[in-house]
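TrEMBL annotations:
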type	residues	note
DOMAIN	B:118-303	domain 'Protein export membrane protein SecD/SecF C-terminal'
TRANSMEM	B:21-41	transmembrane segment
TRANSMEM	B:145-166	transmembrane segment
TRANSMEM	B:173-194	transmembrane segment
TRANSMEM	B:200-221	transmembrane segment
TRANSMEM	B:252-270	transmembrane segment
TRANSMEM	B:276-302	transmembrane segment
Amino acid sequence: MLHIPLWKRVIILGLVGLGLLTAMPNLFYARVEAHNDAVAQIEASGVETPELVAARDAWPSWLPSGLVNLGLDLRGGAHLLAEVQVADVYKDRMDGLWPELRDALRAERATVGTVRRAASDPGELRVQISQPEGMARAVEVARTLASPVVSLTGIGETDLEVTGSGDTLTIALTEAERTATDDRTMQQSVEIVRRRVDEVGTREPTIQRQGEDRVLIQVPGIGSAAELKALIGTTARLTFQPVISRGSDASASPGLGNVLLPAADEQGVFYVLEQSPVVSGEELVDARPDFDQNGRPAVSFRFNPTGARKFGDYTAENIGQLFAIVLDDEVISAPQIQSHIPGGSGIITGSFSVEESTNLAVLLRAGALPAEMTFLEERTVGPELGQDSIDAGRIASMVGLAAVVLMVVASYGLFGVFASVTLIFNIGMIFGLLSVIGGTLTLPGIAGIVLTIGMAVDANVLVFERIREELKTAKGPARAIELGYEKAMSAIIDANITTFIVASILFFVGAGPVRGFAVTLAIGIITSVFTALFVTRVLVAAWFHWRRPKTIIV
Amino acid sequence: MAFRLKLVPDVTHFDFFKQQRYTFGASVVAVIASILLWAIMGLNFGIDFQGGTTIRSEGTQEVDIGAYRTAIAPVTQGDVLITEVFDPTFGEGRNVAMIRLQAQEGMESVTPETIAAVEAALQTVDPSITFPSVESVGPKVSGELIWTAIMAVMAATGAILVYIWLRFEWQFAVGAVAALVHDVVITIGIFALLQIRFDLSIIAALLTILGYSINDTVVVFDRLRENLIKFKTMPLREVMNISVNETLSRTVMTSGTTLVALIALLALGGDVIRGFVFAIAFGIVIGTYSSVFVAKNIVLWLGIKRDWSKPTDGPGGTQFATSEK
């Protein structure tokens, strides 16, 4: 098969050319990156500043501009794995259900008697009724509060599971509702984390759901994981609650329907507040850092129309009362209502620093997390360490490549030169493919490329060794080359498929840097088989047709 | 005749079974020794598998482990491990240390306050110190990571077993997988012996060794399959020797180029991936050895179906003798 049809040669060399072309932007990494950023920024803002235009024009737009993403270990940045406490939401649901249920049961006082809430697990609502005979009726009433589950799998089911035994009525979420709720909680959490990270304006963050209840957050270029955690680890649930009393007793019993919360700034001060808030952060439309009349940092906010009405009505009716501003179960401040506040806007004061008030404004704008998050894993890599790794990897690859080329040329002469040329094509194509699929290059990924440099020669070596053997049995050179390729094929295919299996397994079970390694390894296998079987062959065939040698030495 | 670098002469007639007692014996001893080392000395698990925090510090002053330890002691609980990192690529005035804090009871990951306190304490020892990387993994995740790692190695081995079985015969699959287990166990043994840090990237290295070693073994098997058809009556042992001799030049060449590239990375690639590269380089040497000295010995021992009309020559091969035409 030394004669390769023209169309085949065109396709093979075309693919190599395409690979090299798409790899090329990586040689001018900084310039292309600036170009891409400028294009994105101009598109987003619609404004063309001279700097942006200069950055954009530094790289011609008709050239490919895809780049290999650098992993966090090479670029520097922070990585967090958070677990969302999805069960928190069940408790909120139960707390929200209680007033509704109480009112419904009170209407049936004649049959069920008096009702009171009993202690229970956080995900349950337990109610004791004074007339156990009326339990059947109580269960019936409670069931009317249930609504159908909104999810694909939970069709035909309701969201509440109501059971009654003796004088206790127990209400919990059904399994289907829990699954649906968890799903919503996760979606909201991911969305809110994304909004918060976007508010800070870092580039290309990765925020994705992992498994049942986890969120993976990777932000390149951020100084430390602690900084990132401060931003996304705060629940930021803001509520405005009426104050019943203020005291210093941490163990005071707040009474039914009330809660005892500590003050954020004053040690040993506790407030008893009504449990149900008047308005909450969900009804905010805006929040921004500001200063109060004394010039201290504060956060100003504005409610949406319904929030503004509730806020206005309450302040009108309760002039002179204390009104607590609560953030994540701590009372930030509890000012006295001086007058009716009709416009739906206000200001939160407290002992903030400018930085804290800015952060709080960001958090309030992005919205509260539906549930608390705990952090299972956090990693920070400084940009200098990443750059060091890139430099070391680059030098090592060059030296490795030179040594391999030397060895191959010394062993196989002209055929070794062909193999070396295709090896360089091969590396180019790896980068080209990585750029096209938007793959991420990690430190182990660089090792994967170096390993490929060593192993890519293997397919060529198999063919060359086979040609040598065939030459011994005194066939003509053309026939020997043909047979060499033919007979080496099964070994090349089997050997590379097994390695490819391993790379796929690495990809599916690995995380982060390991996954990056699997991708480069798999791409390396594909490109090295392609270059060895097709590209080297085109080169060998071209040489053969040009020189028409009577004998060849491999 | 042009000059050619020949690592292996053109034609070789080594008898790879002659010293079988020693070569195969050495492999068995090495595997047992590795398992013992693994059991007795244990592996130096990184935080990926054990939980905890590592802080990489870099300063212009020489690393004084004693002073670091005294500075950190008041702000930490549990074990603190401090090691100085040496690397030829660092040059003058770069002194790097790794500080490892144990995971605290009941905490998901070491708190940022503790990390900040440790960093502040170290800055009192060496004001120029910076912290290029800080990693923290909670015990919950590290437990899962161990499982994922074990599952990955098992899945890869299983998938290879099935593939070789489909493409060759079951004896080849057993031989190939035995060689793989040999390679992986001995590599783990070396990590136990030298107490090199064993983390998630080492698992990736082990899987790469699997991939490389199977590559080598498959090439030998492929030639064996071909020669079994060519030399129908020759004893299996002879055919195996011919096959290994014929592919020897390729085996040495490929291992050679791969090793040359890896040695460059080992020497110049920096300390962050040195453990990873070391594992792969070591595994390639072992993998090459096992495809020549281990895999086919097991196939020989199991015996294979040859000419289907006659009983086989292999010692254990009679089970297929007359059952099929």
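Glycine residues also receive a Cβ, built from the backbone N, Cα and C atoms like all the rest.
Nonlocal intrachain contacts for the transmembrane segment (B:21-41), taken as residues 6+ away from its ends with a CB within less than 8 angstroms of a stretch CB, comprise 181-182, 185-186, 188-190, 192-193, 195, 289-290, 293-294, 297. Away from its own ends, the transmembrane segment (B:276-302) comes close to residues 16-17, 20, 23-24, 27, 171-172, 174-176, 178-180, 182-184, 186-187, 190-191, 196, 201-202, 204-206, 208-209, 212-213, 216-217, 219-221, 224, 236-237, 240, 243-244, 248, 251-252, 255, 258-259, 262-263, 265-266, 269, 314-317 of its chain (Cβ-Cβ under 8 Å, at least six residues beyond either end).
The list of residues near the transmembrane segment (B:200-221) in space but at least 6 beyond its ends in sequence, with Cβ under 8 angstroms from a Cβ of it, reads 46, 48-49, 145, 149, 152-153, 156-157, 160, 164, 168, 172, 175-176, 179-180, 183-184, 187-188, 191, 243-244, 247, 250-251, 254-255, 258, 273, 275-277, 279-280, 283-284, 286-288, 290-292, 295-296, 299. Tertiary neighbourhood of the transmembrane segment (B:252-270): same-chain residues 7-8, 87-89, 212, 216, 277-278, 280-281, 284-285, 288, selected by CB-CB distance under 8 Å and a gap of 6+ residues from either end. Residues of the same chain lying 6 or more positions beyond the ends of the transmembrane segment (B:145-166) and with a Cβ under 8 Å from any Cβ of it are 48-49, 137, 172-174, 176-177, 180-181, 184, 200, 203, 206-207, 210-211, 214, 218, 221.
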